[in-house]
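What follows is a short report on a single structure.
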């Protein structure tokens, strides 16, 4: 029995290749995590187990897809970054996004019991994530994107830390705390924490203040003293990266360890010491690996 | 600290709304399931547990998203169909596709242990799925899409059943069986099964021959005797379905039971007896629900 | 000298096929025609020469592209409609839209001197047009699109006729006329025209009230007495229209005369008497052709 | 009479914004110019009048759209380049492409009689153009695109010059010439021209060998001696170019003269002496303007 009579329906599939030589950021977000974090009794303002679970799942995604050069997570969101030279799945948008969302979800669900041994999953309330791809045409703008997420992390964490301290330690109602924080700036919140509760925000854990950065680890380099453009290295014309070279790089990347860091990614230092992230060229493997 | 300096990066997010008043099919496929089915020792030619697990996960997706009106699954793929009138997530493509892929994955991983109690998941070999959206502008073409998948199911299952019978019962090597089946038509395969192994293909289980259809159950209607177009009902201009009506329908759909069927969806009868699938208007609830 | 070093830049061209089996409407609009109509002293409220020029250019576009089945023009805009079965330029969006815009512009500029013999074009103030493609997934919605444009024509023409009569015959200032018309409904405007100026709007020329419809002329058919769906005929699966048949139809269409009509296209009658527009199947050629 | 009943059809218009901060190249091509150049008896291998007409029309497009920073033309094609910072028409693809195609066509048709006084246009054989937008994410790749077109110009012109000299002066048939040229490289063609016909290809006119470059003229700068990246200047985050600054730049650009040049645009010198093309910042106006 031939299937040709119906096969014309395949013509309705539309191509969705992403523009070559641009950074691809796939950002995923927890669906309904506000409600979910209540249901599973996440701790406020930050639940360390939930963040560690996010990071563990993200690390598996990084290991599974060596074309990813960096990822950044905060709260229930994670941004995965493909290098401009990546040709994975011919850069088809839906394929890239769904592969990341599904792989992440699979590990998140699988690892749940490890991080929440006493809060078992109860269907139909299973965590899930949506995602989308965004293109960034230059390294400068990609870094601004990363900075945007980390600044957002800081703003939200300072607010949440202050709010929940006022509620949990200060015995204020949610509405009272919200009301008082309306219109305050960072220094106001720092002061509330310090004067009323003796909390120095700077001493809060880095994972809460900075979010989580995942990347492959190689030997760190000295930070540059003279600023020069890394643009040209980063956005190499495809033609100049042969298939063979891409495959070789892919193998080398698989050998590197994926690390989870909680550091400043806004300043140049992070990027200068880890030039492989931007260049796409694997660095020198550490002996420890 | 204001985030405005970096917020311009949001302008790089591109809109991706799907054309209104068209059927949206989100088809998901297992990633690397050929290798995975070896790793977890799936039975050949069909592993009932694996199919039941697919169906169980798909049923959860249907329950989670009442805008889905039908789903069809075969092997490691599933097609989920949104009605043309659906406004879910403003019909944003990535949001719709990733939500389905992630929800499906979450339940698949969660339910694995139920269906494969003796083959526990072993990371990093976790099952995952990719997906894509395809638009079909008329009910006729949507039905042709569904027919395409069911014909494909039949063709593949007849081949696989014959192949694995030749290998497992006939003690042929994979290559020998492949060689002999090259160029055969359906009747040849039926004959091989019957003459050599005494197997009447028609007696094989319906789930293998027909795949699995999931939909909400209401009181069945009599099949039509006079053929009339269901087109006009199906593709109603949005303007004619108010927000209130959409919400009302959504609630009614949540009350209906999602059933898993293994029946012919190529002929008209299936659709005529279940007019709510095409019309998008909930039918009469069964008392049993 | 080989060009291969630079040829990788071709990879940046993105595909833009339009969804098969949907109506394609390419609507073009005059750029800055408000200013332009002042510059070339178009008559108010309607300049017959300008409309005839638009129609003449549109007729040439229709003759050039036999896949177009109907066009509708009003003021400085024109909508050209490709049949769902059209495979012209593999349905590439930019190719279809620019071809129409450029062909239209070429004839508009070329024919200007014929219609405006005493107002020669003065660069850089040359008329030009922009355009876009919009998809309509069913015949019902395509017809609603056409109705939308014709209702718009009526609304604008009634307003403009009343406004300019008040200004030109009533010696009111633009602001006074605008002020008085604010908030009026159709019957108010009809009354102003009739009571103050003795003008019966119904007697205005059809081209102003109805706009212009262009299509290929064949023998008219009797309007249907029993309403039946024309949907199925219209949106035939591609597979059912062979290349040969498409070519044959194309030739037949070239033989038909393109007519310019000013009639109601909202009611069914127009479409029922000219079934070839929706069906895409050429009718019976008139002997006069 | 309200139009609301039909206005829902507007929802079918899909957004088409082009990615911010990328170079936009709109390339237009003559439709059926092979046939057309026969019909209007264009001279072989190059018709100077036809090229001058192309350039004259392109210059008008440049003047009309100050956001264009450079254009390159060869044969019946022209590439228009918008700067990455351009926000014209909110970067809507169809709007940008059709505006260029239509403006170009309008001037081409209008100016025809000036350049071809003895070959008047004969409808329906009017010249027309199609077009498309392509995005280039970095200045390096944009320059490779420009180089690609200029190398193509050279390759085609050397071939055409040799071919037509063999046919017109050498009295060979088209087929004979074609046959002999098959598989030849540049040096072979140069030798045929020189040895058989005494033609030194280097002495051919620059417009034929190099094509035509159009840009706004400002005071030339010294070519750089030390190569530094111009990337960072070029691809400035939008946020850093205020609306006011954009408007100011637009006005300054209108004051500059658009020049038509036939020079090498592959080497760095062209770009270094005219840094305003890449930077998007108007240079110093010449007194002569």
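Placement of Cβ uses the backbone N, Cα and C atoms for every residue, glycine included.
Features reported for this protein in TrEMBL:
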BINDING   C:29, C:76  Mg(2+) 2 binding site
BINDING   C:29, C:30, C:76  Mg(2+) 1 binding site
BINDING   C:29, C:30, C:31, C:32, C:33, C:34, C:75, C:76  GTP binding site
DOMAIN    C:6-137  domain 'tRNAHis guanylyltransferase catalytic'
DOMAIN    C:141-267  domain 'Thg1 C-terminal'
Rounded Cα-Cα span from residue C:30 (Mg(2+) 1 binding site) to residue C:75 (GTP binding site), Å: 9
Cα-to-Cα gap, residue C:76 (Mg(2+) 2 binding site) vs residue C:30 (Mg(2+) 1 binding site), nearest whole Å: 5
Interface-proximal binding-site residues, chain D, C-beta separation under 8 A, candidates C:29, C:30, C:31, C:32, C:75, C:76: C:31
Among C:31, C:34, the one of these binding-site residues whose Cβ has the fewest neighbouring Cβ atoms within 10 Å: C:34
Residue counts (helix, strand, coil, in that order) that DSSP gives for the domain 'Thg1 C-terminal' (C:141-267): 76 helix, 11 strand, 40 coil
Cβ-centroid neighbours of Mg(2+) 1 site C:29, C:30, C:76, 8 Å, sequence order: C:28, C:31, C:33, C:75, C:77, C:129
Taken over the domain 'Thg1 C-terminal' (C:141-267), the model's mean pLDDT: 89
Secondary structure tally of the domain 'tRNAHis guanylyltransferase catalytic' (C:6-137) (DSSP, helix then strand then coil): 57 helix, 33 strand, 42 coil
Binding-site residues: C:29, C:76 - member with fewest neighbouring CB atoms within 10 Å: C:29
Members of the binding-site residues set C:30, C:32, C:33, C:76 whose C-beta sits under 8 angstroms from chain A: none
Residue C:32 (GTP binding site) CB neighbourhood, other CB atoms within 10 A: 12
Local Cβ density at residue C:30 (Mg(2+) 1 binding site) - other Cβ atoms counted within 10 Å: 20
Cβ neighbour count (within 10 Å, all chains shown) around residue C:33 (GTP binding site): 19
